[in-house]
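These notes concern the structure reproduced below.
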Amino acid sequence: MSHNTTSAGIATSVAPEDGLKVPVAETNVFETQIDDDATEEIDEEYLNKPGYIRFYRGVLCQMLLFGAVSFVGPALADAMSNLGGNGLSDPNLANLAQALNYAGTALMTFFGGPLVNKLGVRWACLINAVCFPLTGSASYVIAKGGPGWYLVFAKIVTGLTNGFVYVSEGAAMLTYPRLHERGKYLSIWSGMRNSGSILGGIVALVTNYKTAGAGGVAWSTYIVFMTLESTGWIWALLLTPSEKVRRNDGTRVPISRKISWAEELRALFKHFSNKRLWLIAAPAFYSFFFLAPFGTYLTVHFSVRARALSSFLAPTTAVATTLMYGRFLDLSSLSQKKKAWIGMVIWLVPQIAALVWVNVKQWTLPKSTAFDYTITFSTDLKASTRTGGLFRACECVGQTVSFAIGSNRARLSALMALNAALMVPAVISLAGLISIIPAAPAAVDDMVDTEVVEQVDQKHV
C-alpha cells in the first residue's frame, strides 16, 4: 500500500492490485483494513474523546435508541393490532383504517429513501415520533363511543409519517454495524421493538383479564398506550446524525456524497428497475399480510382476554427466536448465501404448519364464537435507504391489500386462503433472491453507474 498527497492537502492511499485511490485526511484519520479488503478511515479524534461520548456516538447506543423509538411507536401499534381489530368490538372500521394507514406508509416509503437521505435519520424519526400518540388516542376515542372519522384521520397521518422510521431504522440496521456484527445488533433492536409489544400485551392482559366474553378491550388500556407513545420524540431527538456515528474501532459509517433531488430520484429509479427489487417484492408483500386475517380471526373467534394473551405471547416468542436468529446470522463459518438458505427453511417449516392449522380451524369453527382460555447487497447508508424504502413500500402494499379485504369480516375465510396462497410466489422469489446474494456486500451503491462513481472519486481526490 503506497500513499501520496494532493495539492488539496489530502493523503490518498493506492491499493497496488487495482490502483483505486481512497481519500484519507492527513490529520487524525488513519487507515484500517476490514474483512472485505476495502480500506476505511479511522477517526482518531473520536477515539480520544471521553468514554461516554464514544458510547453515545457508537453503534450500540444508536441501536438502543432506534429500539426505544420502535418500542413506544410501531411496537405499541402492533400490540393493539395483536388484540384483533385494534382491540375494538367490530374489526371492520379498524381494518379499513389500518388499510389506509399502510397505503400512506407504502407511498411514503416508496419515496422515503431520497427524503430520509435529505432530512437525516434523526429528523425523519422525530417527524414520526410526534405523531405516535395519535394511534392510542384514536382507539381510545372509538372505545368511548366517539366518531369513527378520528380513527381514520389518525391512521392516515401516522401511516404517512411511519414511512420515515421504517426507512431510517432499516438503513441503520444494514449499514451501522460491521457485517459480522449485524445479526447481534439486529437482534438487540428487534428484541427492544418486540419488548414494546410485550409490554403492550401485558397492559392489555392486566386490564382485560376478567373479560371472558367477546367485545372490545377496556378503554383504560389505551390511556397507558398513549402515555408511552408520548415519549417517542425524546428518543428520536437523542439519535446521533449518521455522519457522526462511529464503530468501536473509530471507523465511519459508509455514506456516499450528498447529491441533488434529481440525482436522488434517478438513483431511486435505478433501484426500482433492478431485478433485486422485484425478487424482494413478493416476500415483502407477503411478510406482514397475515396481520389482517389473523387479527380478524382473533376478533371473530376469541374472547377479549384470550386476544390480550395473544398480544403478549406473540412478541414474547419473537424476542426469543430473534435473539437466536441473530446469533445464527453472525456465524463466520457459513457464507451469506448458505445462511440465507438455512434461514429460509427455518422460517418456512413452522409457517406452513401454522397456516394449515389455522385454515383448518377457520373452516370448522362457527361464524362467531368467543373462545376463552381457561438480505443485504450494500453497506452504503444512502443505498440501503433507497433499497430499504422500496422494500418497506412493497411490504406496506401487502398490508394495505390485506386490511382492505379484512375490512369486511365476512371475507375472513377467503382472506385466510389468500394468505396461504401468497406463500408460493413469496418462496419462489425468495429462492431467486438468495441465489444472487454476493459473498460480501459492496461498500458503495452498486446500482449507480460506474462512471458516476469514478467522477465522485475524482472530486474527492
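Cβ atoms are placed via backbone N, Cα and C, with glycine included.
Bear in mind that the values here come from a model prediction, so they are computed numbers and not experimental data.
Annotated transmembrane segment per TrEMBL: 55-76 (among others), in sequence order.
According to TrEMBL, the feature transmembrane segment maps to 96-116 (among others).
For 123-143 (among others), the entry in TrEMBL reads transmembrane segment.
Sequence annotations record features per position, and here TrEMBL assigns transmembrane segment to 149-167 (among others).
Residues of the same chain lying 6 or more positions beyond the ends of the transmembrane segment (188-207) and with a Cβ under 8 Å from any Cβ of it are 60, 63-64, 66-68, 70-76, 78-80, 82-83, 87, 169, 173, 217-218, 220-221, 224-225, 228, 305, 307-316, 318-319, 322-323, 326. Residues annotated as transmembrane segment in TrEMBL: 188-207 (among others).
Residues or ranges marked as transmembrane segment by TrEMBL: 219-239 (among others).
Residues 81-85, 91, 95, 98-99, 271, 306-307, 310, 358, 362, 367-369, 375, 387, 390-392, 394-395, 397-399, 401-403, 405-406, 409, 412, 415-416, 418-419, 422-423, 425-430, 432-433, 436 of the same chain, all 6+ positions outside the transmembrane segment (277-300), place their C-beta atoms under 8 angstroms from a C-beta of that stretch. Taken from TrEMBL, the feature transmembrane segment applies to 277-300 (among others).
Look at TrEMBL and you will find 340-358 (among others) tagged as transmembrane segment.
Listed by sequence, the residues of this chain that lie at least six past the ends of the transmembrane segment (416-437) yet keep a Cβ under 8 A from its Cβ atoms are 276, 278-283, 285-287, 289-290, 293, 297, 336-337, 340-341, 344, 348, 351-352, 355, 358-359, 362, 375, 377, 398, 402, 405. Taken from TrEMBL, the feature transmembrane segment covers 416-437 (among others).
The list of residues near the transmembrane segment (96-116) in space but at least 6 beyond its ends in sequence, with Cβ under 8 angstroms from a Cβ of it, reads 81, 86, 124, 138, 151-152, 154-164, 166-168, 171, 261, 264-265, 267-268, 271, 291-292, 382, 385-390, 392-394, 396-397, 399-404, 406-407.
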